Amino acid sequence: AVIGLLIGLCGVMIVSNYATVAFVCITLAAMLGLAVGIDYGLFIISRFRQEYAKGYSIQQSIAIANGTAGTAVVFAGITVIIALLALAVPQIPFLTMMGISAALTVFIAILIAVIVTPAVLMLIGKKITPPVDRKKTLAEKVTDRVKFSGKLLQGWAKVLNKIPVLIATLTIAFLAITAIPIFHMELGLPDDSVYEEGTPQRDAYDLLKEGYGEGVHASLVVVAEATEKDGEVLSKLEQLQADILAMDHVDLITNVIPKESGEMAVLTLNPTNGPSDQETIELVHELRNAKFDGVKLNVTGNTAMYIDISERLSDALPVFASIIVVLAFIIFMIAFRSILVPLKAVLGFVLSLGATLGFVTWVVQDGNFYELFGFVTTSPVLSFLPIIATGILFGLAM
């Protein structure tokens, strides 16, 4: 796993010479590369130990393990790579690079698992397997393994076997209920209000809010430009300011900078609400859709940019999730020649993802037990979290 991780990270470093690679890309690549590298390697080693315990030779056990567990590793790895490359769906550059970086390390982890692991097992296979009594029957060997597994696991397995339908129903119901808050999840990016009271960031935030209103942290830059080729804005500027101030949720216009030619003017305005409030989001859309005589409004600034990013990610999440779920289902159906197995895998992933994001929404946004988890105040869910969590959870689930 470490060898695959180092090779994968070296590949990411090489890519960084030709494209911008953020530090978070390396972090995600390292995390997933190490996780799947260990997982895939142990999967093949575990199957090798099982086959060797049945009485097969080292070479035969390796061949069977690589032909069965190794095949599963390849198909699982392909689905993970597809999920990570699908991070390009929102068309946000750093997310795309994050997916490519992580996909590269997962690809290397697959190669290491199916090529290097068998070679290592050939060298040290006997040292990592328990002594095998070749005279015992297969049934006796299975009995020995069951005894070795421990009484606790045996007891839990007996409970599951007695009431499988009830256990499955309760589990699915619990995950489904936990996922309910996801339907009112709001995405956004944090501001300085998330810092603890007494910190310089929070003190500055509170002072500005008290002195100039909450909208001072949600300033919008509005570029007014003439819609006609030889049109001008300067003569209409006074009326334009009055019309903008008459809109809902507009507090004041703090700055007006007209262009000398008169065809354009830049206005800075403060909304009445904060950057993550629904009223501010509605104001941005209202300004962009407003129709004035010969004037078009373009809205930019950090607040507008954060709103645009959050909306793009929110719109891309269903498409992103659908792509990886459908492709994973098809690949698993080909690999296992079954509909039930991939259906169960996909259903488990969807329920787990829904429960995860639902719980995050319930705590961070709805404010349930948020102090227990170290949050100072409630806030929208980090806009990048759902789509990144989907890729990570899918990678670990496979």
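All residue numbers here begin at 1 and follow the chain in the order shown.
Placed from the backbone N, Cα and C atoms, the Cβ positions cover glycine too.
Per TrEMBL, the features are as follows:
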DOMAIN    32-123  domain 'SSD'
TRANSMEM  18-42  transmembrane segment
TRANSMEM  63-88  transmembrane segment
TRANSMEM  100-125  transmembrane segment
TRANSMEM  163-183  transmembrane segment
TRANSMEM  316-336  transmembrane segment
TRANSMEM  343-364  transmembrane segment
TRANSMEM  370-396  transmembrane segment
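Nonlocal intrachain contacts for the transmembrane segment (343-364), taken as residues 6+ away from its ends with a CB within less than 8 angstroms of a stretch CB, comprise 172, 174-176, 178-182, 184-185, 321, 325, 328-329, 332, 370, 373, 375, 378-381, 385-386, 389-390, 393-394, 397-398. Across the domain 'SSD' (32-123), DSSP assigns 84 helix, 0 strand, 8 coil. Same-chain residues lying 6 or more positions outside the transmembrane segment (316-336) and placing a CB less than 8 Å from one of its CB atoms are 71-72, 75, 78-79, 82-83, 86-87, 89-91, 342-343, 345-346, 349-350, 353, 386-387, 390-391, 394, 398.
On the 0 to 100 pLDDT scale, the model's mean across the domain 'SSD' (32-123) is 88.
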